[in-house]
Structure formats: structure tokens, C-alpha cells
Amino acid sequence: MLTLTRICAVSYEVRSTFLFISVLEFAVGFLTNAFIFLVNFWDVVKRQPLSNSDCVLLCLSISRLFLHGLLFLSAIQLTHFQKLSEPLNHSYQAIIMLWIIANQANLWLAACLSLLYCSKLIRFSHTFLICLASWVSRKISQMLLGIILCSCICTVLCVWCFFSRPHFTVTTFLFMNNNTRLNWQIKDLNLFYSFLFCYLWSVPPFLLFLVSSGMLTVSLGRHMRTMKVYTRDSRDPSLEAHIKALKSLVSFFCFFVISSCAAFISVPLLILWRNKIGVMVCVGIMAACPSGHAAVLISGNATLRRAVTTILLWAQSSMKVRADHKADSRTLC
């Protein structure tokens, strides 16, 4: 199917603004996820045992760092190398494919975190579910290795699917009454096919995430009804744990849906319609979502909150020492 595309230039001001926003998003995303990684990795260096949830957060932060790096490279490609009048260059296509795979690994890790919350917080009555929850708690490291293996398999399949299809271009020119040249161009539809193929692999972890999150929501409602009947204490540790877990899961769901919608919209905008401004908006949305969820994870994790408090106290004391030193030097003068 041929799509009518108007070739329009993007101004220098728009490109500069987009690049500035991309730098800010990359800096915020890199700092938040690097903070999560360093806090958990420091425990590994000190040979302190990491909890299962901390192991998942460690892997999740690594995948987010890759996501932010790829999105920043995508922003540089859009502003400096990829032209509207030309087909997609191979480097930009490679960035898109790598982002899809990293995003899929991110979804698998979120599903793993959701299962872990279910195994810890939900009180099952059925024997099979009790055994399944115990198995999840014991096999979390194997699950993480399985996620890495699945991501590698998906990488190989996506690369094979991408490079095995023949590349073709159909280009025609149409001159309208106002002498506006319109370009009909279909180029590298195999990229779009590979995009859809990779996202099919996201269906199992997404369903797993939805089912486990739904079970956690039902457990929270049941627990709240039990509290209303038997106790009036609002500060219940189990209730607070349920709420914190659901906050992180619901926020991930919202950010993931927004990011996925932006990614789906950006593909036809770039391949068929050649609307670079629309692609820039989509890339900006996709870069903001991982940073937002990282902030939610930091606020809901006790270890990360303590690390933030320690850093803030250190910064405050350092500023106070510098201020006192300047005051003393002025007094001596």
C-alpha cells in the first residue's frame, strides 16, 4: 500500500530544543537507574546477600540504562544524521531493533517482579498455588537467567527476520497545482514486520504481568475487608507492603502502555509518513517513561530511600562546611 507523504523540513530551533530535552531525559534517566544499580551492586561488592527483589531491581536498572542509551542515540540520529528525504539508514534501524529487544527484556523483568510480589504477599489456600509461590521465591535467579536467554534468542530471531527479507523501494513523484512535490515511498517494510514480530514475544510476559498484578489487587481488597472486620489499626505492615507493591506495578503498567503506544505510533510516522516532528515527540515520551518508573521504585524501596537520605545529608553537611569555611576566611581577612 502506497502512502502519500509530504516532505517538510524541521527547523534548527525544533531540532535544538528536541536535543536539549533528550539530553535532560538521558541525564535524569541515567542518574536514577545508575543510582539503583550502584546501591545494589555495592551490596554485592560488600558480599552482603541481596534479596530477590533487589536482584530483579539490579537487572531492571541495567536494562533501563541500555534503553536510555539507545533512545539518546536515536535522538542524535534524528537531529543530525537521518534526513526526511532519504530512506532509513542501517544504524538507525539497528538502534530501533535493539530498543525493541531491550524493552522486551524490561517487560520480562517487570513480570518477574510482579510474580515475586505475589509469592511474598499473597496468602494462598490452594496447595498448588502454595507450591508455585514457594518455587518462584526459590528459583528467582534461574528466572533471571531465563529472561537473559529469552532476550538473546529474541535478538537472534529479530536480526534474522530483519536481514532475511528483501529490501525494496517504490518511489513515485506527483506534482500538484501548487507545484508541491509529494513523495510516495515505501522503504524497508521488513523493519515494520520485524517490529511486529518482536512485539508478539511481549504478549506472554505482559499477560503474566497482568494476571499476577490482578491477583495482588484481589489480595489487597480481601486483606482490607478482613482489617475492617477484625481490627481498626490503619498501620498494618502487610497492607503497606501490598500498597507499595501495587504502586510500583500500576506505575509500570501505565508507563509501559504509554511508551508502547508511542513506539507503535512512531514506526508509521517514520517509515510511511516521514513526519520527523511526530517521531521526536514519540521518542521524548518513550525516554521519559523509564525515568518515571525508576523514581517510583526508589520511593517505594526502603534500601534506596535510605541511600537517598544518606546522600542528601552528606550534601547538606558538605555545603554547611563550605559555608563555614568561607565565613571563617572572611573573618580572618
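The backbone N, Cα and C atoms fix where each Cβ goes, and this holds for glycine too.
Noted from Swiss-Prot: of ASN89, ASN178, the annotation N-linked glycosylation site belongs to ASN178.
In terms of which side of the membrane each occupies, Swiss-Prot places VAL14 apart from TRP314. Sequence-distant contacts of the transmembrane segment (191-211) (same chain, six or more residues past either end, CB-CB distance under 8 Å): 88, 93, 96-97, 100-101, 103-104, 107-108, 110-111, 114-115, 150, 154, 157-158, 161-162, 165, 249, 252-253, 260, 267-268, 271. Mapped onto DSSP helix, strand and coil, the topological domain 'Extracellular' (273-276) counts 1 helix, 0 strand, 3 coil. Within its own chain, the topological domain 'Cytoplasmic' (116-142) is flanked in space by residues 52-53, 55-56, 212, 215-216, 219, 238, 241-242, 245, 249, which lie at least six positions past its ends and keep a Cβ under 8 Å from the stretch. Within its own chain, the topological domain 'Cytoplasmic' (39-55) has Cβ neighbours under 8 Å at 61, 113, 116-117, 137, 140-141, 144, 301, 303-304, 307, counting only residues six or more beyond its boundaries.
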